[in-house]
Structures are given as C-alpha cells and as structure tokens.
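Trainee: Got a structure here, written out as structure tokens. Questions coming.
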Amino acid sequence: MELKLMMEKLGAPQTHLGLKSMIKEVDEDFDGKLSFREFLLIFHKAAAGELQEDSGLMALAKLSEIDVALEGVKGAKDFFEAKVQALNCASKFEAELKAEQDERKQAEEKRRLRQAAFRELKATFST
C-alpha cells in the first residue's frame, strides 16, 4: 500500500499487478515486501541498466533521481530533504485522520456502553 501511495504521489500510478511485479523484481528475501535495502536496489539496478525501460521501477528511479554532477551535493541534499519533508507532511495528515477516526470510535463505544447500561437499568425496573 505504501508503494502504491508513493507511486501515485510521484505521478506514476500503478495497478495492483504492476506493483506486485515491481516488488518481485527486487524482492531478494521473497517476503513480498520491500525492505530499505531492496528499495535502494531499485536505484542500483537502474544505474546498471538492469531494469526494463517500461517497468514501474524504472519510472520510480527516473522520478526520484537527481544528477549530483549537475546539481552538486547541496542541490542533491535539498532535493532529498524536500522529498522527506513532503512525505512527513503527508504522514502528519494521515496521523491526524487516524486520530480523528480513533476519537470517533471511542465516542461510539462510550455511547454503546451507556445504552447498554440504560437498558440494564430499565430491565431492572420493568420486572
């Protein structure tokens, strides 16, 4: 799911099958997930010319690359810091949504407990 969201945010959305094939291309431990090492392997394979030109991984590598020789180390640093900051903003927004959903669930649970207690008291007085 994280890979899907990242590809969408980078402007190269992928189908479910496309994402599975992307993961399969670099999944060294065959767990169906991308570790950080496997993620970095995408860029290593792209630099070595081992990725197919039309693959989702090549699109990811192209969308996330920067030419350090052209931009310099400071430019590369700024590029990656901007990417991290953008991801952190998205994470904060998701965290706020999750907190709001948790609050609603807790309020619903309290309401349900109050109703159950009321029904119990009502049953006591009805008999």
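Here the Cβ of each residue, glycine as well, is placed from N, Cα and C on the backbone.
TrEMBL lists these features:
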COILED    90-117  coiled coil
DOMAIN    14-49  domain 'EF-hand'
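In terms of burial and nearby residues, how do these features look in this structure?
Mentor: For the coiled coil (90-117), the residues of the chain that approach it from at least six positions outside its boundaries are 5, 9, judged by C-beta separation under 8 angstroms.
Below 8 angstroms of C-beta separation, residues 3-4, 7, 55-58, 60-62, 64-65 of the same chain, each at least six residues beyond the ends of the domain 'EF-hand' (14-49), sit close to that stretch.
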Trainee: So how many of the residues in the domain 'EF-hand' (14-49) end up helix, strand or coil by DSSP?
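Mentor: For that range the per-state counts are 24 helix, 0 strand, 12 coil.
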